[in-house]
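Structure first, then comments.
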Amino acid sequence: MASRKEGTGSTATSSGSAGGAVGKGKGKGGSGDSAVKQVQIDGLVVLKIIKHYQEEGQGTEVVQGVLLGLVVEDRLEITNCFPFPQHTEDDADFDEVQYQMEMMRSLRHVNIDHLHVGWYQSTYYGSFVTRALLDSQFSYQHAIEESVVLIYDPIKTAQGSLSLKAYRLTPKLMEVCKEKDFSPEALKKASITFEHMFEEVPIVIKNSHLINVLMWELEKKSAVADKHELLSLASSNHLGKSLQLLMDRVDEMSQDIIKYNTYMRNTSKQQQQKHQYQQRRQQENMQRQSRGEPPLPEEDLSKLFKPHQAPARMDSLLIAGQINTYCQNIKEFTAQNLGKLFMAQALQEYNN
């Protein structure tokens, strides 16, 4: 994933300027107790995101962009967006922060909502739970509390149903990211698990009345589809690819568990050595005391037994979260196909 799109520096700069505007609009001056209960998206934004992926998304390459809108009480209204342009690392003259500011300034001149309220990203078979996404969303949410990230799945959408979800970091994870302490003890103290990292926010897509009337007319004019078309099974390629990605993440989790178990064994071994050293030291001092000799001076055990560095556990949580996402996708895929098989069987028995 390109650093320009998910680098915390550029995101924080542009979000910070938008954050003050959002605070003004709410009249709170950036209160910390507000929460987003719902995300309302204009149909234009959805079409722009889909069009952006169709024009620039290829294979595993993701597309990203900025979401614009405003906050109304506990509802985040996304009214417009613009994409990040595709460019290579050789484009040293490109300034992504300047690009964002110029785009928002241009939108303001034509009286379009220009407040920065989040960002969007496409995903490849649900592969979006990454450290880069975590860092970017933390940067956005730290600057503007109501910020969300929209995840668009083009593969699911191509199968006939729009897949667009909004996520935010949970308050617990925000506190851990602020402290930047991802040690096992810190995560255990904060009660952070992969299930408590992201929270999904309900999405409502809103269209104007004229667009709703047009869609109603188009639906009336559209050709009647085969009544049995909905019973067609989805392609097995999706299931195979999801299983392959799931196995890759399980392998990564296995390697991470091995590293953590090695750390625990080394720590336990060092504790035993420290305990044995203290016992020997105590026995030697007792012998010296019986001979009337002064005890040996105390030594700094931290210098003799340097503690092992605990591995950071955030990557493990992200891998576990991604595994959970793959499992949910596979569950949805198989449930739909099994339902179609049972319906097809019932229809066949009825016709016979």
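Heads up, the Cβ atoms here are built off N, Cα and C, so glycines get one too.
Owing to the predicted nature of the structure, the values given are computational and were not obtained by experimental measurement.
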Phosphoserine according to Swiss-Prot, picked from S106, S122, S191: S191
Cβ neighbours of K303 (SUMO2 cross-link) where a neighbour is any other Cβ within 10 Å: 7
Number of other Cβ atoms within 10 Å of the Cβ of S191 (phosphoserine) across all protein chains: 8
Distance, K303 (SUMO2 cross-link) to S183 (phosphoserine) (CA atoms, angstrom): 22
Intrachain neighbours beyond the region 'Disordered' (268-301), with Cβ under 8 angstroms and 6 or more residues off its ends: 307-308
Three-state composition of the region 'Disordered' (268-301), taking helix and strand from DSSP: 24 helix, 0 strand, 10 coil
Within the domain 'MPN' (39-173), residues counted as helix, strand or coil by DSSP: 49 helix, 41 strand, 45 coil
